[in-house]
Amino acid sequence: MNLKILGIDPGSRNCGYAIMEANKGKNILIEAGLIKIKPSTLQYQITELCEGLDLIFKNHSFDEVAIEDIFFAYNPKTVLKLAQFRGALSLKILQIHGDFAEYTPLQVKKAVTGKAKATKEQVAFMVKRLLGLSKDIKPLDITDAIAVALTHAANLRVRV
């Protein structure tokens, strides 16, 4: 059975997304990119993020949606901003799609590389290898979103 998965890596400057099809252990990347968030007021940035997500859902339908949870940050302002972005994304996904899966950065790293403490570069290398891609994927926000989708695909296979 083919499953179309949307993987999301929320960020304060860019939100990475990946659209992947998973079928019997074979994963095919359909599209990946960024919702770019311009420097502005927080309210405008949240609106921009939600409009970008609306556009993705307008152009695609999904069986599953997975989002990476907030990572630990030393700057409290950054954590608060990310939490607000994540809350807005969560609400938008629930309104458009319904339920979604959440994975911590450690879960994503472990699922993709086998090591919970892997670097972003190690994750990027394994994403490229697992999907059989010839070119590097940049920026790493996109790679992280693909890794979230791969993690969810692997988790679904375990549950089925």
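Placed from the backbone N, Cα and C atoms, the Cβ positions cover glycine too.
The following features are taken from Swiss-Prot:
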type	residues	note
ACT_SITE	Asp9	active site
BINDING	Asp9, Asp141	Mg(2+) 1 binding site
ACT_SITE	Glu68	active site
BINDING	Glu68	Mg(2+) 2 binding site
ACT_SITE	Asp141	active site
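Feature annotations (Swiss-Prot) mapped to structure.
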residue: Asp9; record: active site; CB count, 10 Å: 24
residue: Glu68; record: active site; CB count, 10 Å: 23
residue: Asp141; record: Mg(2+) 1 binding site; CB count, 10 Å: 22
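If you take the Cα of Glu68 (active site) and the Cα of Asp9 (active site), they are about 5 angstrom apart, rounded to a whole number. Annotation note: Asp141 (Mg(2+) 1 binding site) sits in a helical segment as assigned by DSSP. Residue pair Asp9 (active site) / Asp141 (Mg(2+) 1 binding site) shows a Cα separation of 6 Å.
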